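Asker: The transmembrane segment annotation in TrEMBL covers 27-48, 54-74, 94-116, 128-149, 161-183, 189-210. Annotated domain 'Cation efflux protein transmembrane' per TrEMBL: 28-218, in sequence order. The domain 'Cation efflux protein cytoplasmic' annotation in TrEMBL covers 222-296.
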Amino acid sequence: MIQPVTQEDGRTHGAHDHAAGARSRSLAIALALTALFLIAELVGAWLFNSLALLSDAAHMFTDTAALALALVAVRMGRKPADARRTYGYRRVEILAAAFNALLLLAIAAYVLMAGARRFFAPEDVGSIGMLAVAAVGLAVNLVAMRVLAHGTQASLNVKGAYLEVWADMLGSFGVIGAAGLIWLTGWRWVDPLVAIAIGLWVVPRTWILLRDAANILLQGVPRGIDLDAVRAQILACGGVDAVHELHLWSVAGNDMNFTAHIVTAAPDGHGKVRREVAELLREQFGITHVTLQLETAGRACETPAHP
């Protein structure tokens, strides 16, 4: 017998819609701020011949693209499920997070190569103008980060956008420091050195984001959950003789879905076993969307190729 056991109700879906609306507003505000400053920073990089400023502008560009894509993804994710997409469109947010990670890695690679070339052939830099533009950029980044911060735990998509703004905020600090040193000492090589440092800081953090997005797209077990521990806890439930065909995955990073085949000795105890396993999964692992197939010992299906 296959039967879903879930604690989700209309309030859960309403909470999801409210959270998605809040993320949409936050992303829209952050997008407007970054898009306006991007134009100013590109002009400043050209006027003051600063690779560090250009590096920061490149990050600001990825911020703008990431925020725009994230905003589209959130709004698409609010569309209801249909006959073809029974889980809805929430995974669009994960696709956006993966795309943004790839884009940021490409930008970081360009900055590292350009920085290495200019380090050995430094050029004149307008340090005062560079300092002024970076200071304004820092203020914009801090505001954008504050707007996005509350949505990072609930959405990998927003987390990706937040990470890009965070990287750009550090870039602004670096540019301010570089501008000050160039103004005081005339050390032009500081400009490409800061650009390289920004690139090296961004790469590993972006890789983590890409790894998490890929795990969700490949329907891997969510991070922090041990499937063997889940199996052991289910086997410890009264009336459970065996468990197989365990599958645990996330659709959009803030949910967990679980299916399994449970073997019991007596068919008249199926209802009790089903309730106890569902309650266990909710309380011990936070899994609320559960579908269980109950089987009677001696008549269980044989699927040796699956866990």
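From the backbone N, Cα and C atoms, a Cβ is placed for every residue, glycine too.
Map these features onto the structure and tell me what's around them.
Answerer: Sequence-distant contacts of the transmembrane segment (27-48) (same chain, six or more residues past either end, CB-CB distance under 8 Å): 54, 56-57, 60-61, 63-64, 67-68, 70-71, 74, 125-127, 129-130, 132-133, 136-137, 140, 143-144, 147-148, 158, 161, 165.
Cβ atoms under 8 Å from those of the transmembrane segment (128-149) belong to residues 26-27, 29-30, 33-34, 36-37, 40-41, 44-45, 47-48, 50, 52-53, 56, 60, 63, 158, 161-162, 165-166, 168-169, 172-173, 175-176, 178-180, 182-183 of the same chain, restricted to positions at least 6 beyond its ends.
Distant neighbours of the transmembrane segment (161-183): 27, 30, 34, 50, 52-53, 55-56, 59-60, 62-63, 66-67, 70, 100, 104, 125, 127-128, 130-131, 133-135, 137-138, 141-142, 144-145, 148-149, 151-152, 190-191, 193-195, 197-198, 201-202, 205-206, 209; these residues of the same chain sit at least 6 beyond its ends, with a Cβ under 8 Å from one of its Cβ atoms.
With a cut-off of 8 Å between Cβ atoms, the residues of this chain six or more beyond the transmembrane segment (189-210) that come close are 50-52, 54-56, 59, 97-98, 100-102, 104-105, 108-109, 111-112, 114-119, 122, 125, 156, 159-160, 163, 167, 170-171, 174-175, 177-178, 181-182.
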Asker: Would you report the average pLDDT that the model assigns to the domain 'Cation efflux protein cytoplasmic' (222-296)?
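Answerer: Mean per-residue confidence for the domain 'Cation efflux protein cytoplasmic' (222-296): 90 out of 100.
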